[in-house]
């Protein structure tokens, strides 16, 4: 012991031991130890004993706390080492947009909403970001500066989804709500409410502009239907029926020919909306709980997903060849166009709330009620190669990727794209477009966060 402790430290320990034994009502043991150490009662009188009382317990508990901290740090270090081992040199430098992944801390944390944030959407051209909340408002932010630009009021219940898109040369913002309505807002006219679309019989849970269509918008509702609207007239032009329960999410294909929907009936359905009376082209069955979110893979991902499925890569000109769905069963499933589940990605510890494919085609990103953002590498059989464990302080409810920058953009704000994706069918990232390494997430913690290169 003398080799480890100095004589003073050893003396302190002996006195603390005697004080502990005395306090524990073990006088004989304390006396035996005092005798062994040649500590007379005069040297170790009651006043001195009082000084050392409780010292041993404090030292012991502090050691336990330090041991726990060391274990936590070792686990964190192992996770970071794992992440480092699975990143390519280009993505490690965050210079190649095709390999870029978000990392903590976020560039901006945007705070103003008073209730949980349900949705976010990027303007296709400008640095505007819209967020919707259970506080019944939509807020418009400048995501580059991290500043609030305006608050939009009009809905009378929670705003459940927002999306930018619409007619060429006149980008609009669409929102939907638990108040059963869809509203259209004009960004070029101070976000004036230019039209309200009533028609659903229950909460409208998701809304998306259909790329390539110019005027068409699709909505999903708790009334078990999807509706397609002409935003120039405000009329519902098609109603899609087939789900047996609440329709939670909707995602149109890049060319606007197909729509993927998810539902409380545990299924997802792919609809061909080019026909007069759309019916599900394929039904995706496999999840064991409510399916909350979905995404259609961009053509850039076809090669990686086809290799995973063991099939020949489909041509880039075809759309909706591969899809992803996320569920309350905590899993993500990857599907091909025939409805075959080609991979189940397991890793989240709670409901999967949002999905987005990396525009470069190499990764799938997901957010969850487990407060994390996870990155799955499609070139490594869907392996989870990165986890941002502290993405938010509460459930993460939504994620969007900033649309690629399209060259030859007109001054009036038209990008030739809708929903953050180019209108040209079959090309996710063209020579005339550039990936923007910017992601937005929203959470029950009332924060919108911007992760950017």
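Residue 1 is the first one shown; counting continues down the chain.
Using N, Cα and C of the backbone, Cβ positions are placed for all residues, glycine too.
The domain 'PAC1-like LisH-like dimerisation' feature in TrEMBL is assigned to 7-42. According to TrEMBL, the region 'Disordered' annotation covers 81-106. Look at TrEMBL and you will find 83-92 tagged as compositional bias 'Polar residues'. The repeat 'WD' annotation in TrEMBL covers 110-151, 152-186, 197-239, 240-273, 319-336, 345-378.
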How many of the residues that make up the repeat 'WD' (240-273) does DSSP mark as helix, as strand and as coil? 0 helix, 20 strand, 14 coil
Sort the residues of the repeat 'WD' (345-378) into helix, strand and coil with DSSP and give the three counts. 1 helix, 19 strand, 14 coil
Grouping DSSP H, G, I as helix and E, B as strand, the residues of the repeat 'WD' (152-186) number 0 helix, 20 strand, 15 coil
Counting only residues 6 or more past its boundaries, what in the same chain has a CB within less than 8 Å of a CB in the domain 'PAC1-like LisH-like dimerisation' (7-42)? 1, 48-57, 59
Should anything in the same chain at least six residues away from the repeat 'WD' (110-151) have a Cβ under 8 Å from its Cβ atoms, list it; otherwise answer none. 157-165, 171, 173, 175, 177, 185, 187, 190-191, 394-395, 397-403, 406, 409, 413-415, 417-418, 420, 438, 440-444, 446-450, 452
Long-range Cβ contacts under 8 Å made by the repeat 'WD' (240-273), restricted to residues 6 or more beyond its ends, are 202, 205-213, 216, 218-222, 224-228, 279-285, 287-296, 298-299, 319-320, 323, 325, 327, 335, 337, 339, 419, 421-423, 425-428
With the cut-off at Cβ under 8 Å and a gap of six or more residues from its ends, the chain residues touching the repeat 'WD' (345-378) are 86, 97-102, 292-305, 308, 324-328, 330-334, 384-401, 404, 428-429, 435, 439, 441, 443, 451
Cβ under 8 Å, sequence separation of at least 6 from the ends of the repeat 'WD' (197-239): give me the contacting residues as numbers and ranges. 157, 160-168, 172, 174-178, 180-184, 245-256, 259, 261, 263, 271, 273, 277-278, 417-419, 421-423, 425
Over the repeat 'WD' (152-186), what is the model's average pLDDT? 93
For the domain 'PAC1-like LisH-like dimerisation' (7-42), the number of residues DSSP places in helix, strand and coil: 27 helix, 0 strand, 9 coil
